[in-house]
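Data first, discussion second: the structure below is written as structure tokens.
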């Protein structure tokens, strides 16, 4: 099934999971370290430059951001985990919010876990993947920023990601800059939905 994105809009920004949209519209969530490229991925697959605000400053997304796609499903941008420069209390609040969302949200159809292709998965990446597996949530692992590496280096790095996360198959390779992986990602999204 081919997924064509004709319409995409920011539906809402939430700081509390009790405020999230009600109803049964399917949701696909994006999870990953701060600054891994979640906003850039949203903009690229929706073919919109500034739909999701991206920043070179880690920890820009501090809320759960809902994007309504084709009036049919939500893409949900979760706060990045990892090295955001915020207080311990703020990090704990984000963690609790994300954990509650992932464990309680009935509309959730799957999670796209993003990793920077240039770096070996860290402890938080491994914990996230294992936790999603424990919750039995379908996970698609996407290696972002592929344009930063040569084709040969890409293969080496995705093999490391696959081995470290103990994945049954290679992660999808994606670049918001070059457009590599866009169609493959849309096909994978269509399957999750």
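Cβ from N, Cα, C; glycine included.
The domain 'EngB-type G' annotation in Swiss-Prot covers 24-193. For 32-39, 59-63, 77-80, 144-147, 174-176, the entry in Swiss-Prot reads GTP binding site, with the evidence type sequence analysis. What Swiss-Prot records for 39, 61 is Mg(2+) binding site.
Here the CA atom of residue 39 (Mg(2+) binding site) lies 11 Å from the CA atom of residue 79 (GTP binding site). If you take the Cα of residue 39 (Mg(2+) binding site) and the Cα of residue 174 (GTP binding site), they are about 13 angstrom apart, rounded to a whole number. By the criterion of other Cβ atoms within 10 Å of the residue's own Cβ, the least surrounded of the binding-site residues 35, 39, 63 is 63. Across the binding-site residues listed here (38, 145), the residue whose Cβ sits among the most other Cβ atoms within 10 Å is 38.
Shown in sequence order, 37, 41, 142, 143, 144, 146, 180, 181, 182, 185 are the residues of the chain, 6+ apart in sequence, with a C-beta less than 8 angstroms from the C-beta of residue 174 (GTP binding site). The Cβ of residue 32 (GTP binding site) lies under 8 Å from the Cβ of 38, 80, 81, 113, 114, 115, 125, 144, each of which sits 6+ residues away along the same chain.
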